[in-house]
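Working notes for the structure below.
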Amino acid sequence: MASACASSTIAAVAFSSPSSRRNGSIVGTTKASFLGGRRLRVSKYSTTPTARSATTVCVAADPDRPLWFPGSTPPPWLDGSLPGDFGFDPLGLASDPESLRWNQQAELVHCRWAMLGAAGIFIPELLTKIGILNTPSWYTAGEQEYFTDTTTLFIVELVLIGWAEGRRWADIIKPGCVNTDPIFPNNKLTGTDVGYPGGLWFDPLGWGSGSPAKIKELRTKEIKNGRLAMLAVMGAWFQHIYTGTGPIDNLFAHLADPGHATIFAAFSPK
């Protein structure tokens, strides 16, 4: 659930113009209006402590930019430059540049884990349902017997994921510091963005190369599919709690009896 909450707050870069940096000005803004336009309070501070002026301006959204609610005005720190930015940040959680940078990467990795998780839930259950596989429910997979005990599996998983996550964290703190292959040092990556390592291991088909418009389109699709996957995993979890069966079994039951096998049946008295 935390990943779903995080996905709704990530969007773009902080509001900063070259002129404001050149004049040493600090731009303070009010919270974004949840729906419509708003007025922003802009305070400019000069390099001398005695010279101070304040002005009020109106910020208009780009009419061609897709927004989460048509006609709404996005907050200034969401300028549409990041993939999946539709101007949605009613709580202002992305207003701080450092928080935005961290939350952007947090959403990205949660999206990817959720897509893997959704595939691990739906595909084996569907193949088991039609008789191709014979796998346990995802909800009880941790109770099964494996080639070793679960404690050993957990420790091995913790070490491997900890190493990978440590390198990812280092790349966030200092971009480009992990672009050299730790096993084959002659293999180096250049021109990559944080969160998108590319190369043979992470982009074997070369989809991450091309025009900026194409790259942003693919990254936006990844974010949108990841957000949907986070909702799907959360939905499958709640579904199993209330029905005791998986999503594919629930789907087949609904198709067999659409008038009675619905979401409301879980809350109706037996």
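Including glycine, each Cβ sits where the backbone N, Cα and C put it.
For F88, E107, R227, the entry in Swiss-Prot reads chlorophyll a 1 binding site, with the evidence type similarity to another entry. According to DSSP, E107 (chlorophyll a 1 binding site) is assigned to a helical segment. Cβ neighbour count for E107 (chlorophyll a 1 binding site): 26 (other Cβ atoms within 10 Å of its Cβ, all protein chains included).
Annotation comment: Swiss-Prot describes R112, I155 as chlorophyll b 2 binding site, evidence class similarity to another entry. Secondary structure at R112 (chlorophyll b 2 binding site), taken from DSSP and collapsed to helix, strand or coil, is helix. Around the Cβ of R112 (chlorophyll b 2 binding site), 15 further Cβ atoms fall within 10 Å across all displayed protein chains.
Counted within 10 Å of its Cβ, the other Cβ atoms near Q144 (chlorophyll a 3 binding site) come to 10, all protein chains included. Under the heading chlorophyll a 3 binding site, Swiss-Prot lists Q144, E222.
Look at E165 (chlorophyll b 3 binding site): DSSP puts it in a helix. Within 10 Å of the Cβ of E165 (chlorophyll b 3 binding site) there are 11 other Cβ atoms, across all protein chains. If you look up Swiss-Prot, you'll see E165 marked as chlorophyll b 3 binding site.
N225 (chlorophyll a 4 binding site) carries a helical DSSP state (H, G or I). Cβ contacts within 10 Å of N225 (chlorophyll a 4 binding site), excluding its own Cβ and spanning all protein chains shown: 16. Swiss-Prot lists N225 with the feature chlorophyll a 4 binding site.
A helical conformation is recorded for H254 (chlorophyll a 6 binding site) in the three-state DSSP classification. For H254, the entry in Swiss-Prot reads chlorophyll a 6 binding site.
Positions annotated as transmembrane segment by Swiss-Prot, on the basis of sequence analysis: 113-133 (among others).
Here Swiss-Prot flags 146-166 (among others) as transmembrane segment, drawing on sequence analysis.
Residues annotated as transmembrane segment in Swiss-Prot: 228-248 (among others).
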> Which residue, of the binding-site residues R227, H254, has its CB surrounded by the fewest other CB atoms within 10 A?
Replying inline: H254
> If you draw a 10 Å sphere around the Cβ of I155 (chlorophyll b 2 binding site), how many other Cβ atoms fall inside it, taking every protein chain shown into account?
Replying inline: 10
> Excluding the flanking five residues on each side, which residues at least 6 beyond the ends of the transmembrane segment (113-133) place their CB within less than 8 Å of a CB in that stretch?
Replying inline: 3, 225-226, 229-230, 232-233, 236, 246-249, 252
> So which residues does the transmembrane segment (228-248) touch in its own chain, when a touch means Cβ under 8 Å and the partner is 6 or more beyond its ends?
Replying inline: 1, 3-4, 7, 110-111, 114-115, 117-118, 121-122, 125-126, 129, 137-139, 266-267
> Including all protein chains displayed, how many Cβ atoms other than that of E222 (chlorophyll a 3 binding site) lie within 10 Å of its Cβ?
Replying inline: 17
